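Scroll down for the structure; my scribbles are underneath it.
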Amino acid sequence: MGKFLTTVWRTLLFVPVMILLSFIGAVKGIIIGPIASVVLIVGHTALTLGLWPLHVGLAYYTIAKTKQLGRSAKVLSILSLPVFLIPWPVVSIAVCILVGLGYGFVTPLVATFEAVGAGRERKSYHCFVDGTWSTLKGSCTVVRDYKDLVLHSYSDYLKDFREKPPVDGLPYDIKLLEVPGCILVALLGVIIDVPVMTITALVKSPIMLLKGWKRLLNDLWGRQGPFLEAVCVPFAGLAVVLWPLVVVASFVCAVLTSPFLGLYGGVVVYQERSIKRGFAYIVNVMAQFDEYTNDVLHLSEGSCFPRPKYRSHNHNSGPDAVMPKSPPAQLSVVDEAQQGQQGSLETTVTSTEPKEESSPSSSRLTKLTSQMSLASRSLRQTLQEVKVVQIWDNLFINMDSIGKELVRAGVIKAAGLEEWLRAPKKDKSRLISVGLPAYSSLSTLIFSAKNGVAGILLHDGTEVTVFNRPQDRVADWVFEPLLILKEQMRAAKLTASEEQYMKNWILTSGGQDMMQGWLNGGVEPEDNIRKGELQAMCRRLQGITVNFSRMPTFPRRLQKFIKNLLAFAQSNSNLPPTPAPPRLPSLPVPGGDEAV
C-alpha cells in the first residue's frame, strides 16, 4: 500500500511540474523563437539563392570535365541536372522555414527541461534564462555552418569527383537504349509508391501516437523505462509533450522519402537489365515499407503486399541498405574488418585469413560483439551516447597541446599562422589545415591502441565504441575507418621511434626538408616494406582527416583554434625557441611496454 501511495504521489507531483516547465519553455519559445527563426531563415535563404548560380555552373563544369563518366553518361547527366537543380532553392527554403520555426520554438523548450536535470545548480534561475541567448547564438552558428557546407564542402566534393581517376581505369557509362525503360519504371514507381506509402504512414500515425503515449504513461505510473532514473525524468516529460511532433515528423519523413524510393526502380531496371524486375521492385518496396512500420509499432509481422524478388544477385544498395537496422547489423562491416586485423600488419595487408581464437584481438572482438548484442537502447543509454561535439572537443583540445609545443619548438611560427588566416582556401598551408588535425587523430589512435580498449579513447577518458558512438551515416564514414586503423596500429606493434616517425611524417606530409627541420626523436625504418606500411597508415589517416574537415562546424572551429594559437605564438615571440622533446606530449602515455 505504501508503494502504491508513493507512486500516486510521484505521478501527481510530476504532472503539474511538467505542465509548469512546458509553459515556461513555451513562453520563451514565443519570445525568442521569432527572432532566431528570422535569423536562420534569412541567412539560409540568402545563401541558397546567392550561391545557386555557382552551384549550377560547378555542377555542369564537373560533369563536363570528369573522367569517371563516359560520353553517354555525361549527356544523360547534363540533361537530367535541371530536374534536381531547379527545385533545389524551393525545397531548401521550404525545409529551412520548417527547421527555423521548429528550432526557434523547441530549443528554448528543451533548455527549460534540461535546466532542472540532476546535478544542476540554481535550477529556478536557469529555467528562465537557459535557451534564450544561446538560441540566438545557435541560429547564427547554424547559418555559418550552412555557409561552409554549401560554399566550401560542395566545391571540394565536386573537385574530388573531377580529379579522381575512374575505377579500374574505365569510365562509368550507360546504354542509351535502356534509358526509356528506366524512365518508365521510375515514373511508375513515383506514381504508385508515393500514394501507397503516404496512405500507409497516415493510417499508422494515430497508432504511433496512441501507442507512444500509452507506453510513456505506463512507464510514468510504474516508474519504469525513461522514468526509472531521476536524470531522465525531465527529458521523459518533454517526450510526452512533444510526442505528437515526433509523429508528425515521422509522417513527413515518410512522405519525403517515398519519391526517392520510387525513382530507384529505374536504377533496378538498369542494373538487372529487366523491366519486369523493375515492376517487381515497385511492389517489393511497398511491402518493405509496410513491414518496417509494423516492426517499429510492434504490430503483426509481415505485410498485406506481396514481396516478389527483384534481384537476380545481391547488391549492397537500395532500400535494403537504407532501411534502419539493429546495431549488430550495422556493425557487421566493422566486425568483418576487425577480424582481418589480427596478427601482424603484413598479414593484415596481404591476407584475410583469421588467426587463432585465443589472440588478444579475438578476445577484444568477442567482448565487443557481446557488448553489442543488445538490440534495444534505453533512454539513459541514448543520453550517454557520445555526441559529435565531444569528439570535436577532444580533437581540438589535443591540437591545442600539440600546436603550443610546436610553436615553442619553432616548427610553427606566428607569420605562418597569419598567412594561413589571410590566404584563400586553396593556398592555405597543408601543415596546419591537414597536418595538425591528422597529428591529433594519430595521437588518439596510438593512445587507444596502447590502452587495449575496444573502441577509441578520447582525451577526457571517454571510450567511443560502436555502441555509444553518434548514430548517423556521417559517423559511419569516419568512425569505422578510424577503428580499423587503430586495430592496424595495435597489430603493427609500433616502437617508440616508429610512433615519433609517424607523427613527424603525418604532420609534414612526408616533406623531407620539413621532417629534417623537426627532430622529434623519430627514426625512419631501414626496412622499406615497414616504412611503406607506416606511411600508408599515415596517408589513410590524412585522407580521413580531409573528409571530416569538410563537415559543418569543423572549418569554423579550426579558424577559431588558429586565431588562439596565433595569439599564443605572438605572446611567445620574444622567447627563444625551445627544442622539441623526444616525445611531444599530446596525450598521457600509459605505463608498460613502449611497443603497442
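Think of each number as a place in line: the chain as shown, counted from 1.
From the backbone N, Cα and C atoms, a Cβ is placed for every residue, glycine too.
Just so you know, TrEMBL annotations are computer predictions that nobody has curated.
The compositional bias 'Low complexity' annotation in TrEMBL covers 359-369.
For 576-588, the entry in TrEMBL reads compositional bias 'Pro residues'.
Here TrEMBL flags 310-369 (among others) as region 'Disordered'.
Per TrEMBL, region 'Disordered' is recorded for 573-596 (among others).
Among the features that TrEMBL reports, transmembrane segment is placed at 12-32 (among others).
TrEMBL lists 38-63 (among others) with the feature transmembrane segment.
Sequence annotations record features per position, and here TrEMBL assigns transmembrane segment to 75-103 (among others).
Tertiary neighbourhood of the transmembrane segment (183-203): same-chain residues 250-251, 254-255, 258-259, 261-266, 268-269, 275, 278-279, 281-282, 285-286, 289-290, 293, selected by CB-CB distance under 8 Å and a gap of 6+ residues from either end. Here TrEMBL flags 183-203 (among others) as transmembrane segment.
Positions annotated as transmembrane segment by TrEMBL: 224-243 (among others).
Per TrEMBL, the feature transmembrane segment maps to 249-270 (among others).
Panel annotation: around the transmembrane segment (38-63), residues 69, 74, 77-78, 81, 85, 88-89, 92-93, 96-97, 99-100, 103-104, 136, 139-140, 142-143, 146-147, 150-151, 154-155, 158-159, 161-162 of the same chain, lying at least six beyond its termini, place a Cβ under 8 Å from a Cβ of the stretch. Away from its own ends, the transmembrane segment (75-103) comes close to residues 33, 36-38, 40-41, 44-45, 48-49, 52, 55-56, 59-60, 63-64, 69, 135, 138-139, 142, 174, 176, 179, 245 of its chain (Cβ-Cβ under 8 Å, at least six residues beyond either end).
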